[in-house]
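S.K.: To start, I am sharing the structure in question, which I have written as structure tokens.
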């Protein structure tokens, strides 16, 4: 699908824009599933000031969506109308240390934040080592693993409103819940401050190595996948419910339920976004019939089907 080109009009409104603004840019290469249609406009800001300028001059009727590295995302096949914003590491990926505090931009990889904390002998962020996303996504969904979550270590988050106004949220204001936060979807996170505790670096590194070894053993990390597909229901594991329903290895087109971990869907090579989403809905339907549990998507699905 090709959208009407809105880029010339937007550029005329924003003569001082420094970031890159492209029309009808494919989003498939920007997602781990490697599927999906184009963005009507794709904006890569130079830095936070540039993003604030862009948002303050963007007509309110134009929808906005922000993506990270695309590790927890299905972009539907017909793409997204409006503007998709992708925060680059340059300008949004800096990580700094201040005592037992870690400051990270929204485009910083979770794994790099864990590594920076470990190098500074700061414990508490080891769980990020096994999460294949960015800090912006971690803030949005209260990312967690191995019994720890973002809300356990967050002090405050920085953000911009849809109109480009700067905002700050403390831990309480984030209204975290399991794999979610209470912040309006129109808000774009730009960075965060975390606090850990000083500990022996060897012990921190050992825990991170355990996280990585476990992940390589039980997750299909070398496949085209979006990570955990469904949230774990209270007191239960999604993968066990999926396995019990007989869906391990089940396929729709080029999409497959991973044989290695049932809560991972994979693109075997030629899948469409429709294949993957249809497979996910088939899993939900089968689990509902088998166990009565209504699995909820953890992976974000956006765009026109």
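First residue shown is number 1, and so on along the chain.
Using N, Cα and C of the backbone, Cβ positions are placed for all residues, glycine too.
So Swiss-Prot has the following annotated:
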type	residues	note
DOMAIN	35-214	domain 'FAD-binding PCMH-type'
ACT_SITE	179	active site
ACT_SITE	228	active site, proton donor
ACT_SITE	298	active site
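Describe the structural context of each listed feature in the structure shown, including burial, neighbouring residues and relevant distances.
M.R.: On the 0 to 100 pLDDT scale, the domain 'FAD-binding PCMH-type' (35-214) averages 97 in the predicted structure.
Residue environment of residue 179 (active site) contains 20 other Cβ atoms, counted within 10 Å of its Cβ in all protein chains.
Within the same chain, residues at least 6 positions away in sequence whose Cβ sits under 8 Å from that of residue 228 (active site, proton donor) are 238, 263, 264, 298, 299.
All chains included, 19 other C-beta atoms sit within 10 angstroms of the C-beta of residue 298 (active site).
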S.K.: I want to verify one value. Collapsing DSSP to three states, which class is residue 228 (active site, proton donor)?
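M.R.: Going by the DSSP assignment, residue 228 (active site, proton donor) falls within a strand, counted as strand.
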